[in-house]
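Pulled from Swiss-Prot, these are the features on record:
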- Arg22, Glu87, Arg126, Lys466: (6S)-5-formyl-5,6,7,8-tetrahydrofolate binding site (BINDING)
- Asn232, Thr251, Ile253, Thr256: K(+) binding site (BINDING)
- 232-237, 251-257, 276-279: GTP binding site (BINDING)
- Ser236, Thr257: Mg(2+) binding site (BINDING)
- 222-382: domain 'TrmE-type G' (DOMAIN)
Amino acid sequence: MVGDTIAAVATPPGEGGIGIVRVSGPGARDVLKAVFRPRYGRGVDDWASHTLHLGTIIHPDDHRVIDEALVAWMVAPRTFTTEDVVEFHCHGGSVPVRETLGAVLRAGARLAEPGEFTRRAFLGGRLDLAQAEAIIEVIRAKTRDGLGAAVSQLEGQLSRRIRKVRDDLLALLAHLEAMIDFPEEDLPDIGSERICTDLMQIQRQIGDMLERSRTGRVLREGWRTVIVGRPNVGKSSLMNALLDEQRAIVTEIPGTTRDAIEEYIDLGGIPLRIVDTAGIRETEDVVERIGVEKTREYLEKADLALVVLDGSDSLTAEDETLLLSLAGRPAVVLVNKSDLAVRRLDEKRLRSLVGEMPIISVSAKEGWGLKELTELIRRMVYGDDGLGYAPDGGRLALVTQARHREALERSYAHLRQALDAVAHGASPDFLTIDLKAAWEALGEITGDTVGEDILDKIFSSFCIGK
């Protein structure tokens, strides 16, 4: 609970350069005095805030020396948690870190719950809830663009957009409630047309965030991408080229890949959850047939299909069936083996089969065409404008989390109901019900209107030292 002093290891387990034990709370100074002996200068009570000190860590019971360490001392409220904070920077072995934590707990701190340091930062007003959640997104970012989106949220880009929409809603709500509560006052009636205009403008802002949430989901979870094609067209070679390592087995024997091989790759800043699948063909081999069925299952769930064809061979019935089955779905046709002099594939026939589907000539063996593929996928994820930037030069706010998306969807739905109410001549009383619900749903994102159960669920996903 807030008010006591907590401690936890803040670095990953195992050996490393340093191991950090973090302490936060009103008793942090007492813990520090009980377990640390400075090598030089004044005692702990005379230390300035945000200073480093060399000394030894001792056990408070028998005063045995545990380790030589640097201590960082930070005084409230200018700390991450807004409380007094001390960090013990020990040698990075499991034993000195464990012994230091044990000494700290013995001196009066208790072991922190998962995410409790960040929760205290939220409760202390250091961060709002969206910013607090961004910390775990920074840690788990899979690519440069994913990191950029997380840092943008941590810096408050999303929170500022949400608060702007909430302020607009609140201004409209306040005017309507004043008209209801003080009918005797000579307040201007803004009229149903003005109300509709304001509501649609607010709804557009929410709709824009929802539209960009697809990109946010891709950066957070990865774009589910499946490499498909008949056997021996170069699917595994393509995956190895994208991974830049020999991950899949490449042979001249059709049917070598019998099970799906899944990897995360960073393709120009976009995280792809890429799957190399068994070649699609009719086969009597039971194991290979299971692999083909799995390929079809992956294809049904995919965000993108990379269809690999052999440019040195004619289109087969299997190729054509596969291409026709992908009509209307996000897919890119990759004509492989473009490094070979022999080219038998009928390009006019191919174009007639795929319509507007992009076609790129590649050589998985030589790496040709991969840059063009990367640029195409970036456009498919981001659009022609890329990630985009806000007026202040920072990245535009992206909605990356399902919780935020669901809250925006609820707010959007309440605004739609409010617009319907205005269109049907409903009284301001009915209108304010949906406006309040929309305002509260948005507040769940920043933590202004959120219950303890939601906070428990969010912070329990953090690691103990965060």
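Heads up, the Cβ atoms here are built off N, Cα and C, so glycines get one too.
Annotated features taken from Swiss-Prot, shown on the structure.
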residue : record                                              : DSSP class
Arg22   : (6S)-5-formyl-5,6,7,8-tetrahydrofolate binding site : strand
Glu87   : (6S)-5-formyl-5,6,7,8-tetrahydrofolate binding site : strand
Arg126  : (6S)-5-formyl-5,6,7,8-tetrahydrofolate binding site : coil
Asn232  : K(+) binding site                                   : coil
Lys466  : (6S)-5-formyl-5,6,7,8-tetrahydrofolate binding site : coil
Review point. Which number gives the other C-beta atoms within 10 angstroms of the C-beta of Asn232 (K(+) binding site), all protein chains shown included?
Key: 20
Study note, to complete from the structure: Here the binding-site residues are Arg22, Glu87, Arg126, Lys466, and the Cα closest to that of Ser236 (Mg(2+) binding site) is found at Lys466
**Study point:** Inter-residue Cα distance where the pair is Lys466 ((6S)-5-formyl-5,6,7,8-tetrahydrofolate binding site) and Asn232 (K(+) binding site), in Å
**Key:** 48
Review point. Largest pairwise Cα distance, Å, within the listed (6S)-5-formyl-5,6,7,8-tetrahydrofolate binders Arg22, Glu87, Arg126, Lys466?
Key: 19
Exercise for review: Name, in the order they occur in the sequence, the residues of the same chain whose CB lies under 8 A from the CB of Glu87 ((6S)-5-formyl-5,6,7,8-tetrahydrofolate binding site) and which sit 6 or more residues away.
Suggested key: Ala10, Ile20, Val21, Arg22, Val23, Val71, Ala72, Met74
Exercise for review: Inside 10 Å of the Cβ of Ser236 (Mg(2+) binding site), count up the other Cβ atoms and send me the figure.
Suggested key: 24
Practice item. Taking the Cβ of Lys466 ((6S)-5-formyl-5,6,7,8-tetrahydrofolate binding site) as the centre, count every other Cβ atom within 10 Å, in any protein chain shown. Key: 21
Check your understanding: Per residue, counting other C-beta atoms within 10 angstroms of the C-beta, which of the binding-site residues Arg22, Lys235 reaches the highest number?
Key -> Lys235
Practice item. Give me the Cα-Cα distance between Arg126 ((6S)-5-formyl-5,6,7,8-tetrahydrofolate binding site) and Lys235 (GTP binding site), rounded to a whole Å. Key: 49
Practice item. Can you check how the pLDDT averages out over the domain 'TrmE-type G' (222-382)? Key: 80
Check your understanding: Hey, what's the Cβ neighbour count for Arg126 ((6S)-5-formyl-5,6,7,8-tetrahydrofolate binding site) at 10 Å?
Key -> 18
Review point. What Cα-Cα separation, expressed in whole Å, is found between Lys235 (GTP binding site) and Lys466 ((6S)-5-formyl-5,6,7,8-tetrahydrofolate binding site)?
Key: 42
